Structures are given as structure tokens and as C-alpha cells.
Amino acid sequence: MTNIRKSHPLLKIINHSFIDLPTPSNISTWWNFGSLLGACLIIQILTGLFLAMHYTAYTTTAFSSVAHICRDVNYGWLIRYLHANGASMFFICLYLHVGRGLYYGSYMFTETWNIGILLLFTVMATAFMGYVLPWGQMSFWGATVITNLLSAIPYIGTTLVEWIWGGFSVDKATLTRFFAFHFSLPFIITALVLVHLLFLHETGSNNPSGIDSNSDKIPFHPYYTIKDILGLLLMLTALLILVLFSPDLLGDPDNYTPANPLNTPPHIKPEWYFLFAYAILRSIPNKLGGVLALIFSILILAIIPLLHTSKQRSMLFRPFSQCLFWILAANLLILTWIGGQPVEHPYITIGQLASISYFSILLIIMPLTSIMENKLLKWRVLVV
């Protein structure tokens, strides 16, 4: 008799995706982040669902409803902080997942990569709208500043901003629609994740060497299920330490003050995971130029496959490209730091230099370095 997991219409799909899936035998811990992102998404949807049961999307009660969740709801404080810090964990895994894709050349699976970029944009939009919901000072002013950027679009900008606001300022209508979108977008993200996996399983996983591994595959279960469970336990440990010992570490103190349209905070900034893009936005004096740079700082990932000039897929055997990759990583950390600093000297200059470095490394220096490595490899072969 055939095993039910191989014959049942539904179980067969799960079997081909998570049990009998042929997987390269040499994939490292950097390949764990896909499953961790799935776990983060489940945590966010479940905690978000319970928060939505007690939250009220109305300007006069939103702030107090969040306080009510933390004070009066059983384990409400735990659910709220798991959701807030779960978002931070989500973005840590997301950025490491993208970084692994860049390092090992996973972007050569263009369909999977492009769906991944779409997922990144959707998750960022969801997180931004979620940050507005507690209706604290930083929620209100963050929403005002970021949505106001759309007014830089020629001709239709102002009308578009007022359409998104549902009035002439961020108010009741804005909060209601942001809650509606924040609630519904995770389900769209889940659908996109399934499409992402569908395209990935068409080609099979990449591996650290970047070469074809069809001759050396092992089943996903039990080898990688055990490995993923270990990664999940480590991530949950880190998340629980953050939630139980310093839940407000990554938040902004201003958000514990109810939103006041008449009082502007001294320094408006988004959550830490958007600071690198915010620093790029602020480094350009022109409003439209800043908005375009902000969008392109993420959209640049879409043209990475076109800029791949190396004869090798992975950076594993390309020391110069490796150096550039880690310089880029350090540069992003500098941009994140600058995004959280006030707009004054020397932070403005550092931000501008880091922004120029970010784009020039990805667009110019990396492709040229790859060409140079091809030449060096050719010369080495000739010498031998």
C-alpha cells in the first residue's frame, strides 16, 4: 500500500515541499533563515490576531486600548511585546536572508528573487502601518512625514496624499484604513510566500559553492527539519530574552506619549529596521530626489541579476568580492546609525558619503571587481 503522504492530494504537496524534497547536501546555516521567516510570519499573524480582538482603531481610544491590552488583558503585555519585537526579529531574518542571496548568488533564480523583492516591499509597508496603530507621538508624526513624501510626485502628489489620509491631515480615516491594511496584508504576504516557494521548488535550492548539485541531493526530512528546529529554538530564545528582559529596547520612548498634532517631537524617525533607507532619503537635499533614492535603495535588488558579471555564481571563491560585500554590510550599519541621529554636522556628511558608497558598490564597484576576478582567474590558469 502506498504511503498516505505520497498519495493524498493535500499531503502529497506537503510531502514534496518539506519531506521528500531533494536538497543539496552542503547548504549551511545561512539557509535556515527561510524557515525562520516562515516561523516569524506565523508568530506575527497569531499575536496580531489576538491584539486585534482588543484594539480599537479610533483616534481617541487607540492609545488607551493598547494600554488596556498591556494592563488588563491576560498576558496582553506578552502578546503585545511578542508582536512588536517579533517584527524586529522578522526584519533581522529578512535582511540576513537577502544578504545570503547576494553573497551566494541566489539572485540568479530571477523569478524567486523578484517575488522575494515584492515580499520585502509588502512586509515593509505592513510594518510601517503597524507602527502607526498605537497612536503615540512617533506613530502620528512618522505617519505624517512618510505619507507626506508622496507629495513630491509631480502634479498628482498633493491630491494623492490627501486621498491616502482621507482628509487634510493624518486623522481618524487614516488610522482606520491603516488598521484595515495592516490586518489584511499578512494574508497577502502568506500567498506571496507560497508563490516564492513554488518558484524555488521549480529550480531547487542553491548551495554555498554555487555549482549544480543534482548529483548530490538528500531528503529535506529528517536532515534539514532537525537543523531548522535548532535554528527556530535559537531564534525563539533570542526573541524571548528580548521580550522578557528589555521589551522597549528597540522602541522609541516618544511612543509612550499620546499623539498630539500640536506638538512635534524633536527628532522624528521610523523603527530601527527602516533607518538605513531613511538615512538615504535624508542625505539628498531635494525632496523628489530623496524619495526616488529611498525607493531605489530597495528596488536596486531587482537589477542585481543584470549586474552579475562574474564567471562564478557564488562569492565563496572570490576574495575581492567578499571584501566588497562586507564593506557593503558595514556601510548599511553606518546608514542605520546615521538614520537615528539628528540632522546636523557631521551626521549629514557621513550619511551622504555612506549613501554614495551604497549605490556605487552595488552598481559600479562590484561588477568591475567581478570582471577583474575573471581576468585574474584566466591569468592564473595560463600560468599553471
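Backbone N, Cα and C atoms are what each Cβ position is placed from, and that goes for glycine too.
The feature transmembrane segment is assigned by Swiss-Prot to 33-53 (among others). Counting same-chain residues at least six beyond the ends of the transmembrane segment (33-53), those with a Cβ under 8 angstroms from any Cβ of the stretch are 69, 79-80, 82-83, 86-87, 89-90, 93-94, 96-97, 100, 182-183, 186-187, 189-190, 193, 228, 231-232, 235-236.
Only residues 6 or more beyond the boundaries of the transmembrane segment (77-98), in the same chain, are considered here, and those with a CB under 8 A from a CB of the stretch are 30, 33-34, 36-37, 40-41, 43-44, 47-48, 50-51, 66, 69-71, 116, 120, 123, 127, 130, 235, 238-239, 242-243, 247, 250-251, 271-273, 301. Annotated transmembrane segment per Swiss-Prot: 77-98 (among others), in sequence order.
Marked as heme b b562 binding site by Swiss-Prot: His83, His182. In sequence order, Gly48, Thr126, Met129, Gly130, Leu133 constitute the residues six or more apart from His182 (heme b b562 binding site) in its chain with CB-CB distances below 8 Å.
What Swiss-Prot lists as heme b b566 binding site is His97, His196, and the listing cites similarity to another entry. In the shown protein chains, 21 other C-beta atoms lie within 10 A of the C-beta of His196 (heme b b566 binding site).
Long-range contacts of the transmembrane segment (113-133) within the same chain: residues 55, 57, 62, 66, 87, 90-91, 94, 98, 101, 106-107, 139-140, 142-143, 146, 174-175, 178-179, 181-182, 185-186, 188-189, 192-193, 195-196, 199, 270-271, 273-274, 298-299, 301-302, 304-305, each at least 6 residues beyond the stretch ends and with a Cβ under 8 Å from a Cβ of the stretch. Per Swiss-Prot, the feature transmembrane segment maps to 113-133 (among others); the stated evidence is similarity to another entry.
Annotation source Swiss-Prot lists transmembrane segment at 178-198 (among others).
Annotation comment: Swiss-Prot describes His201 as ubiquinone binding site, evidence class similarity to another entry. Note on His201 (ubiquinone binding site): other Cβ atoms within 10 Å of its Cβ, all shown chains, come to 14. DSSP assigns His201 (ubiquinone binding site) to a helix in the three-state reduction.
Within its own chain, the transmembrane segment (226-246) is flanked in space by residues 29, 32-33, 35-36, 39-40, 78, 81-82, 85-86, 88-89, 93, which lie at least six positions past its ends and keep a Cβ under 8 Å from the stretch. The transmembrane segment annotation in Swiss-Prot covers 226-246 (among others).
For 288-308 (among others), the entry in Swiss-Prot reads transmembrane segment.
For 320-340 (among others), the entry in Swiss-Prot reads transmembrane segment. The list of residues near the transmembrane segment (320-340) in space but at least 6 beyond its ends in sequence, with Cβ under 8 angstroms from a Cβ of it, reads 99, 102-103, 269-270, 272, 274-280, 282, 310, 347, 350-351, 354-355, 357-358, 361-362, 365-366, 369-370, 372-373.
Residues or ranges marked as transmembrane segment in Swiss-Prot (evidence: similarity to another entry): 347-367 (among others).
Counting same-chain residues at least six beyond the ends of the transmembrane segment (178-198), those with a Cβ under 8 angstroms from any Cβ of the stretch are 17, 38, 41, 44-45, 48, 52, 55, 57, 112, 115-116, 118-119, 122-123, 125-126, 129-130, 132-133, 143. Recorded residues His196 (heme b b566 binding site) and His83 (heme b b562 binding site) have their alpha carbons 24 Å apart, per Cα-Cα distance. Cα separation, His97 (heme b b566 binding site) to His201 (ubiquinone binding site), rounded: 17 Å.
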